[in-house]
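*Asks:* Sharing a structure with you now.
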Amino acid sequence: MHIDWSSLLVVAVVSAAVALTVVVLVAFAIVGLSGRAPHPGGDGEHTSSTAPAVSPAVGTTVALLCLLACVLIVGYGLYVLVV
Amino acid sequence: MDVSVIVVVVVITALIFDFTNGFHDTANAMATSIATGAWHPRVAVAVAGVLNLAGAFLSVQVAKTISSGIVSETRITPVVIFAGLVGAILWNLVTWLLGMPSSSSHALIGGLIGATWVAAGSSAVQFSAVLGKVVLPAVISPVLAGIVALAATYLAYRITARAARGTAECGFQLGQKVSSSMIALAHGTNDAQKTMGVITLTLVTGGLLAPGSGPPFWVVLSAGLAIALGTYMGGWRIIRTLGRRVSDIQPQQGFAAESTSAAVILASSHLGFPLSTTQVCTGSVFGAGAGRRLASVRWSMAGRMALAWAITLPAAAVVGAAASWLATRGPVGTIIVAVGGSAIGGGIYAASRRNPVNALNVNDVPAPPPSVPTAA
C-alpha cells in the first residue's frame, strides 16, 4: 500500500495556513470597519463599551487592505479550481 | 440483455445517483449559512445549485474517476456498474432519511466494490487502494478540518471581541456567502466529475465510445444538471443536522467552518490527495462549535456520524453485492433489481413524508444549551 504522506502533510499545512489567514484577515477587517460604526456602548455580548482602538480613517484603510488580500486569496482559489 | 439497453439503464441510474449526491451534499456548503441566516434557505439551495452546475463545466479530467484504481475496470460490465449504483443510491437515501451526512463518494465506492466482488471475485478489488484512498482519508479529513476550524473560530472570536456586534455579524455573514459559494463550486467540479466518469466508463465498456475518450458534451451537461437539480431540491434533513444539531452555530463559527472546508477541499484537490467533501465539512462544523466552547457541541451526534461513516462503505457494498448477484443472473434479474430498487426508494420517500423537513422548518430545532459567548 502506498500512502503519499508528503502530499498529506502539504495539504494539512497549506489548508491550515490559508484558512487561518483568511479568517484572521476578515476579522481584522471587521475590527477596522467597527471604527466607523456608532458605539452606543454595551449593545451586545461581543461589543466593548470603550471607544474603538483605531480612528475610522485608519480602520477603513486597514479593512480595505485586509479585504483586498482576501480577494486575492479567493481569486487564487478560483484559479486552482478552474486550471 | 441488449448492450445498448443496459447502457441506457446505467446512464439513467448514474444520473439518479448524481441527483441524490446533489441533495445529500447541499448541506456541505449551505448548512451553516442557513443556520446563521447568512442565506435564506431557498436562496441558499438556488445559489448552490447554480454553482454546482457551473462547477461541472470547469474540468473534464475523467481519467480520475471515482472508480479508478478501486476495482479492475477490465473485469466489470455495465451490469456490475448498474448494481453498484443501486447500492450507492439506496444507502444515500437511507442516510438522508436519517439526516446523516455520510459520504456519497464512499457509498459509490462501496457499491462498486460489492458489485465487483460478487461478479468478478475479490481479486478484482484493489483493497490496498481502498485503504489508501478511502479508509485513511476518512479518518484524517474530519480531524484535520476540525482542528483548523477550531483554531480559526478561536481567532475569529478573539480578534473581534472588541468589534461592534452588528458589524461583526454582518461582516461574517457576508464572508459566509463567499465561502459557502466556493464550497458549492468545488463540489460541482468534484462530484459531478464522478458521475461523468461512471457514465463515460459505461459507454466505453459498452463499446459506444472509444477507450480513452473524454466525456461527450451531453454527459457533462446531463451530469451537471442532475447534481444541480438535486442540490436545489435541498437535503433539508441533513442541512438541519449539520446546521442546528451539532452546535448553536453563529456567523463567526459558520465563516470559520466554511473557510476551513473550502481551503482543505481545494488544497487536497489541487495536490492530489483525495478527501471526502462531506467529512471535511462535517469536521469543520464540529471544530467551529468546539472553538467557541467545547461543551456547546453535541458530541453524541459526532458519535452517530462516525458510526454512519464507518458503515457507509460496507453497507453500500452489501446492497451492491446483492444487486450484482441478482442483476448478473440475466435480464430478469436486472429488471428485478431496477423494480426492487425503485420500490425501496419510493418507500423511503414515503417514510420521509411522515415528518417532512423543508425550507420553512429546517431551522426549527431546539438549539443546544446556551453557552459562554466567546472562547477568548
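In case you wondered, yes, glycine gets a Cβ from its N, Cα and C as well.
Pasting the feature list from TrEMBL:
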type: TRANSMEM; residues: B:6-23; note: transmembrane segment
type: TRANSMEM; residues: B:43-63; note: transmembrane segment
type: TRANSMEM; residues: B:75-98; note: transmembrane segment
type: TRANSMEM; residues: B:107-129; note: transmembrane segment
type: TRANSMEM; residues: B:135-157; note: transmembrane segment
type: TRANSMEM; residues: B:195-211; note: transmembrane segment
type: TRANSMEM; residues: B:217-235; note: transmembrane segment
type: TRANSMEM; residues: B:306-326; note: transmembrane segment
type: TRANSMEM; residues: B:332-351; note: transmembrane segment
*Asks:* Given pairs 6 or more apart, does the transmembrane segment (B:217-235) have at least three Cβ pairs under 8 Å with the transmembrane segment (B:306-326)?
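*Replies:* With fewer than 3 qualifying Cβ pairs, these stretches do not touch.
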*Asks:* Taking 3+ C-beta pairs under 8 angstroms (sequence gap of 6 or more) as contact, is the transmembrane segment (B:6-23) in contact with the transmembrane segment (B:306-326)?
*Replies:* no
*Asks:* Can you say which of B:107-129, B:195-211, B:332-351 has the most Cβ pairs under 8 Å with the transmembrane segment (B:75-98)?
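*Replies:* Against the transmembrane segment (B:75-98), the leading stretch is B:107-129.
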